[in-house]
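Peer 1: Before we start, here is the structure in question, set down as structure tokens.
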Amino acid sequence: MLTHEISENEKPREKLQNYGIEALSSSELVALIIETGTKNESVLTIANRIIMKFKNVGEMQYASIEEFQLVNGIGIAKASKIMAAIELGRRISIVTEQEEVVVRCPEDAVKLVMPELAFLFQEHFHCLFLNTKNQVIYRQTIFVGGLNASIVHPREVFRLALRKSAASIMCFHNHPSGDPTPSSEDLLVTKRLAEAGNIVGITLLDHIIIGKNKYISLKEKGYF
């Protein structure tokens with residue numbers, strides 16, 4: 001059934017206007033994002049095909065742009081729109097009133113960063129900046145790419161910490177392989193960060209490696 005053959009009440013846009021966004025199915029939401037069908041297929045047919053490709057809607061957040069393009073009827077433009085919508089939703093989901101977040105243990109911090117780091121395809125080096133009450137006052141990804149001592153410069157980390165008047169920091173990076181076991185480079189970077197923190201008076205509370213649904217705290221393991 002082509003788009004022009006669908007009754008006005010069944011079209012996703014009209015359904016949203018009449019009944020609200022909550023009334024739309026996942027396929028209808030995807031149809032709104034990709035906007036158009038093809039010469040031979042309606043936008044809803046293509047949207048249904050996208051939903052059926054994945055086990056559930058949540059799995060879509062881990063798909064690459066190439067995986068979306070494997071769906072018949074999805075080119076680079078439509079795939080880009082889907083990726084943008086997913087990324088926007090991800091960013092919204094991790095927004096918190098950071099000044100009210102208190103980190104009492106590694107698990108508290110991991111809950112903040114795991115959704116953002118666990119399934120990335122590249123290594124990201126991320127920092128939480130805390131005040132004297134261990135409240136998160138700022139967070140930022142500092143580096144993207146392979147973690148090694150030549151890329152991760154303590155001065156970049158602590159320059160930002162000083163600018164934010166942080167009393168301490170917690171560092172994180174992900175292993176795209178899903179295995180959080182630290183490498184020799186991970187340990188070297190951690191040692192350099194801890195030493196730099198001692199010099200400037202800003203404590204490195206922990207360096208946590210994020211894997212797929214698991215993590216390793218280098219502080220808890222006694223690496224520094």
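Cβ atoms here come from the backbone N, Cα and C positions, even for glycine.
Below are the features I grabbed from Swiss-Prot:
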type: BINDING; residues: H173, H175, D186; note: Zn(2+) binding site
type: DOMAIN; residues: 102-224; note: domain 'MPN'
type: MOTIF; residues: 173-186; note: motif 'JAMM motif'
Peer 1: As a test of reading the model: what is the averaged pLDDT for the motif 'JAMM motif' (173-186)?
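Peer 2: Overall, the motif 'JAMM motif' (173-186) comes to a mean pLDDT of 94.
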Peer 1: Quick one: DSSP breakdown of the domain 'MPN' (102-224) into helix, strand and coil?
Peer 2: 39 helix, 36 strand, 48 coil
Peer 1: How many other Cβ atoms are found within 10 Å of the Cβ atom of H173 (Zn(2+) binding site), counting all protein chains shown?
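Peer 2: Neighbour count, Cβ to Cβ under the 10 Å cut-off: 27.
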